[in-house]
Amino acid sequence: MSQFGDLMGGFATVLSPEMLLFAVIGVTLGTLVGVLPGIGPAVTIALLLPVTYGFESPIPAFIMFAGIYYGAMYGGSTTSILLNTPGESASVATAIEGHEMAKRGHARAALATAAIGSFVAALISTGLLALVAEPVGRLAVSFRATDYFALMILALVTVTALVGSSLVRGLISLLLGVTIGFIGLDGISGQPRLTFDSPVLFNGIDEVLLIIGLFAIGETLYVLVKGRTRPGQVTPLEPVRGGFMWLSRDQWRRSWGPWIRGAGFGFPFGVLPSGGAELPTFLSYSWEKNRSRGKQEFGKGAIEGVAGPEAANNASFSGVLVPLLTLGLPTSATAAVMLAAFKIFNLQPGPQLFEENSDLVWALIASLFVGNVMLLALNLPLIRLWVKVLEIPRPVLYAGILVFATLGIYSVSGTVTDILIAYGIGVLGFLMRQFDFPIAPTILGAILGPELENQFRRALNVGNGDLTVFVTRPLSLAILLLAAAALLLPYAPRIVARLRGKDPEEAKKLAFADED
Amino acid sequence: MRAPRRSVVRRTVAVAAVLGTTLTLAACNQAAGGGAASSEEFPSKTVDIMVPAAAGGGWDSTARAMQKVIEDEDVVSEPVEVFNVEGGGGATGLSQLQKDEGDPHALMVTGLVMIGALEQASSPVSFEDTTPIATLTSEAEAFVVPSDSQYESIEDVVAAYEKDPASVTFGGGSAGGSDQLVVAELMKAAGADPSQMKYVGYSGGGEAIAGILSGDVAVGVSGVSEFESQIEAGDMRLLAISTAETQEVAGEEATTLQDAGYDIDFSNWRALVAAPGLSDDAKEQVTEVVDELHGTQGWKDALEANGWADFYKTGDEAQEYIDSEVDRVAALYEDLGL
């Protein structure tokens, strides 16, 4: 068990006062960045790169950067839960149930399950990173375009739970997202699409714009219009009885499963070079909604719907580090900036890194553990402070949200045009709320649509336009069959019943999509 | 550096604005107190180096390496800031640079890739709308195959392509970028038709490497440094590099395309330009600073660390080189039918 010895060596490096100080700076900055809309961990790290030029060793820099990333993930859930204004795509799934919980007076429990879940998932996934990085990294790069396409299809058919109470509304919302996702230069041929010849739209609509527009601005407009007809205050916070760390015994019991399953979704998607942090959160949400015993509570604030996605988005980061450290492949924006940082210190991540710079790698891994302990210690007491946000009078609160949202967009793009686009999307978000369309499928569509298309066309390009490429490769075929099963299985009882000539209405109760 | 696409480097962002505005405001105050900017010594305020792409790419590393060396070696007394303006393969940054006409403190990193991107986006602004200061670095393009590939040499690849263009899948950075251009140039030199090329574009080095290792792509093309650690680890085999001059890759001297009999000298160069309309005097002063940067040990170390070749041209020489590259890329685009 040489890894264990190496890891202990890593801890020895990290547990010095100086390194701990950098970890504290990182997690604090990261939490702030996570709470503020628009500014993400990648930008923050890029901004801090020059600060690290003066460091003699890269270790403190990486400790700080890892803290920023995880901190942003912890912080991101806070605004999603309290205000229904996620600042980034990985927190969108959290907002769905999290905000409902907050509205019903369970804000503290939602924040606690998010923080503890993030912690648990980070421990699990960092453990996996330490143990199986090498073989898992190898496996991940064997995924081909056809496999990704199949995987995206599987994701698409299994996230039906996001769609909400009306299938038609959900699908319209999803297709709206797909359409928005297609705006810009086509990824394969470079042809402009839906840009109306405006160079402003050549790069498409940034995901951050879409999220801030649909959520922060849309929500503000909605509250502005509906404010008078709705009660002025949310339900007062309910006291937690007989619990531990803001969670009642029952909530603990309902949270731990989703935490572990969330980590199980997050880590592998993080490892895949075209995986991402959003899909596992949506998958985890759907899984919990369909499996949970508190199913009837979904849509009204089910704790499982917060615990799972939050665990998933944190676990994906350790996953992202697998291809970065073992193969030198940056698979997310943050990883790309970290790769740049490695190069500044004359380090080349890749197959040799574990051998040549094992001190650094293990210190980094150890710092992930340390950072998460700090974040838990930072975030649990902060819950007491965060929930005070709910007591701020609405006009002041939403004015503040609008200011931060606008600043966030401006910091992303530096152009006024983008602010106008975001406000336009905000009006769309308002209308969607007004007419009861779910928001999350739009985000999913904007992320998944273009990726699905890219992988599909890549696969066809490689296969000389032959559609059979999707079924001749065993892995792709297996995933597609799984997708077909996921789509059809819920209806199986109904089909069987009909074949037997029984009343289909009775069997329908077992169906997967019975709320539609 | 490749034209940024949305899928991977999505959330990496330009923080230009807030920073930039503050600096500009500060600068305005200073300029108002200190008289006309043109007669001042350069630099008289913070020097802004714009990266017209996301953080983490080749232009970004170039700008940040410059910043590091300038600060480490005290090349100038004023601070140097690097900021990113993403979009349109550089077109967004280039149009933003127009606002600083005549200001020697507004610099931008650019390169070969931007020529193609401007062409593709039918951009209203072009290289003419800058003041070229110097070309800085160049990086050879590498042709690689997975270690279990049937292709042993670049001639094998060309032969397979000549027999059936659809049998060879090339892959690298975004379609229309330098990676695809060098393949077009190779096929042109070999007398084959580049427009038949099957090319899979990826949005980042990471995705492209994964595409090659997974077997989607038969022949990978990208900057040498992107593949170096895979070559060293034995996961990939280097077939050839695109420059006329050879270099060591993973401890061995690389075969050049010219060695293999194709008359090609292609490199992915990067350059520093200033805002348009600089006075000759200001241009001279900026060039002096870059000269000094270029002479430092720190810059040599940075070149070495990043696997960049020194490719230093200034003044008319730089201008002529950039002009000739613009013409060459336009011709290649025509051949590719893009």
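Using the three backbone atoms N, Cα and C, a Cβ is placed for every residue, glycine included.
Copied over from TrEMBL, here are the features:
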type	residues	note
DOMAIN	A:20-444	domain 'DUF112'
TRANSMEM	A:20-49	transmembrane segment
TRANSMEM	A:61-83	transmembrane segment
TRANSMEM	A:109-133	transmembrane segment
TRANSMEM	A:145-164	transmembrane segment
TRANSMEM	A:171-188	transmembrane segment
TRANSMEM	A:208-225	transmembrane segment
TRANSMEM	A:320-342	transmembrane segment
TRANSMEM	A:362-383	transmembrane segment
TRANSMEM	A:395-425	transmembrane segment
TRANSMEM	A:475-492	transmembrane segment
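Between the transmembrane segment (A:475-492) and the listed ranges A:20-49, A:61-83, A:109-133, A:145-164, A:320-342, the one holding the most Cβ pairs under 8 Å is A:145-164. Comparison of A:20-49, A:208-225, A:362-383 by number of C-beta pairs under 8 angstroms to the transmembrane segment (A:395-425) places A:208-225 first.
Across the domain 'DUF112' (A:20-444), the model assigns an average pLDDT of 84. With respect to Cβ pairs under 8 Å, the transmembrane segment (A:109-133) is most closely packed against A:61-83, considering the stretches A:20-49, A:61-83, A:145-164, A:208-225. The list of residues near the transmembrane segment (A:320-342) in space but at least 6 beyond its ends in sequence, with Cβ under 8 angstroms from a Cβ of it, reads 40-42, 45-46, 49, 52, 58, 61-62, 65, 69, 129, 133-134, 136-138, 140-141, 270-277, 348-351, 353-354, 361, 364. The transmembrane segment (A:61-83) shares the most Cβ pairs under 8 Å with A:20-49, out of the stretches A:20-49, A:145-164, A:208-225, A:362-383. In this chain, the transmembrane segment (A:208-225) lies apart from the transmembrane segment (A:362-383): fewer than three C-beta pairs between them fall below 8 angstroms, excluding pairs fewer than 6 positions apart.
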